[in-house]
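According to TrEMBL, the features are:
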- HIS62: active site (ACT_SITE)
- ASN135: active site (ACT_SITE)
- TYR345: heme binding site (BINDING)
- 15-398: domain 'Catalase core' (DOMAIN)
Amino acid sequence: MAAQAANPIQQRVYTTSSGRPISYATASQRLGNNGPILLQDFHLIDLLAHFDRERIPERVVHAKGAGAYGEFEVTHDITDICSADLFSEVGKKTKVAVRLSTVGGEKGSADSARDPRGFAIKFYTEEGNWDMVGNDTPVFFIRDGVKFPTFIHTQKRNPQTNTKDATMFWDFLTSNQESIHQVMQLFSDRGTPLSYRHMNTYSGHTFKFIAADGSFKYVKMHFISDQGNRTLNLEEATHLASANPDWNTQDLFEAIARGEYPSWTFYVQVLDPKDAEKFRWNIFDVTKVWPHSEVPLRPVGKMTLNRNCQNYFAEIEQMAVAPAHLVPGIEPTADPMLQARLFSYTDSQRHRLGVNYQQIPVNQPLHAYAPWQRDGQYAINGNYGADPNYPSPLKPITYKPVDVNQQHEEWVGRALNPQNFNEVTDEDFVQATGLWHVLGRQEGQQANFITNVSSHLFGADPRVRQRAYEMFGRVDKQLGSKLEVATEHIVQDASKNKTDEIVARLTARTK
Ligand code: NDP
């Protein structure tokens, strides 16, 4: 009896979902000894019908993910540039939940795939949830959200064969060459991080920090891994994809369970609006970084992950992050890719989880009061009871005072035809070339880059391969020609079925 008391689950009487206690839980009710089952067996119907509805829509991107909880602590005062409550004093702590993910693969896909990694942080601040929905790369493939759906189509499956398709993949990237900087990041070994603990996360986009006096600065955010950046090479990543497809998920969970809490140092790069006007790089172009030498990293705080979830589906799968979830003191900018994300993330959460997704415990802000939002599927928080569902003088609501001092950008101009941000020029290759030189300072990294690209590109249509050599040639002439040699060599081998002995043997058996 004493042992039972220590384990409350053994004291629970098993019931149907409507609470009726059940005695024969592993057998259906049947007619006679060997006859058909009965429709009146509610326990059976209840169980099957719930099982049939277990899956919710998979995220179109970032489907495979892991997550954890932790806290963020301010280590440096930034109140001169940001009035957000979570930064109000050094030592202030804010609880966080994070979700880390690959992007292109489905829910069961391998963690070690070459892919950017999503790394979203939900800060439960006193003034609402702030979601920093970052990636492990500081730039992105495209700079206008209108291209996002078609870009993602090309990175997923061919609509006819339902297989991954190197031609589609490279056809898009080489005909939208603003992607080059991110392609360089992705095909460096950072495209296959050793673990979720050993990678950074960046806002990528430029945001605005608003100070208490109403002035604003442009910022880019960096969460740099205190564990260091560690990566897999192609051979290691390929091996893990079959040996342990959940490698990163398992590593994060087990490290936290062991008490080895991973942490990240949070920095911001800060640009004054006056300087932004003269800056070489368009600060609303997410394919560009701000060079560290010109805009140094300013430390803000430290985030530590120290608690695993109890239930993956409830807490991690249902975690709904969105760049539109901002708090006073942090605002979006005109970055067109960010503007598209501001719409798209909340839209997909409403589709995936329903209109009341903010009521799911992991998503609940500390103090939300939005009584004009009523009803809808799964309104489980009491639905604001008898409070007015409109702004009523009979029971007035208080509002946060308007900050009269707040400065704003001024936009003047005509609505242009939708093309002004898409032209690709030599300027788009400058930072990609910069990264090629960064790789040159790290032993073996340029060689690994060539292996990583060629082992993927060889599967593409010859016209697309040629376009790719030209594109990489604009980064560095030698890079273009070395890639051509390496890739065409694999093409030759592949045509002789020499690249993978087992695949060649199995292909022969299908004939
Ligand atoms: P710096 O020499 O000052 O910075 C180089 C930065 O590159 C490092 O601080 C590191 O960023 C990042 N880096 C190092 N190795 C790799 C790698 N294998 N793959 C991807 N990134 C790596 O020069 P710049 O600031 O002028 O940047 C040069 C290039 O570095 C950029 O064009 C960009 O591709 C890349 N980079 C720049 C970042 C920035 O914010 N300026 C951020 C990340 C990459 P970190 O410390 O963030 O890991």
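Note that Cβ sites are derived from N, Cα and C of the backbone, with glycine treated the same way.
All annotation found in TrEMBL is predicted automatically rather than curated by experts.
Location within the structure of each feature annotated in TrEMBL.
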residue: HIS62; record: active site; DSSP class: coil
residue: ASN135; record: active site; DSSP class: strand
residue: TYR345; record: heme binding site; DSSP class: helix
What's the most sparsely packed of the recorded positions HIS62, ASN135, TYR345, counting other C-beta atoms within 10 A?
-> TYR345
Would you mind giving the whole-number mean pLDDT across the domain 'Catalase core' (15-398)?
-> 97
Cα-Cα separation of HIS62 (active site) and the residue listed as 'heme binding site', in Å?
-> 11
Rounded to the nearest Å - Cα separation of the residue listed as 'heme binding site' and ASN135 (active site) = 14
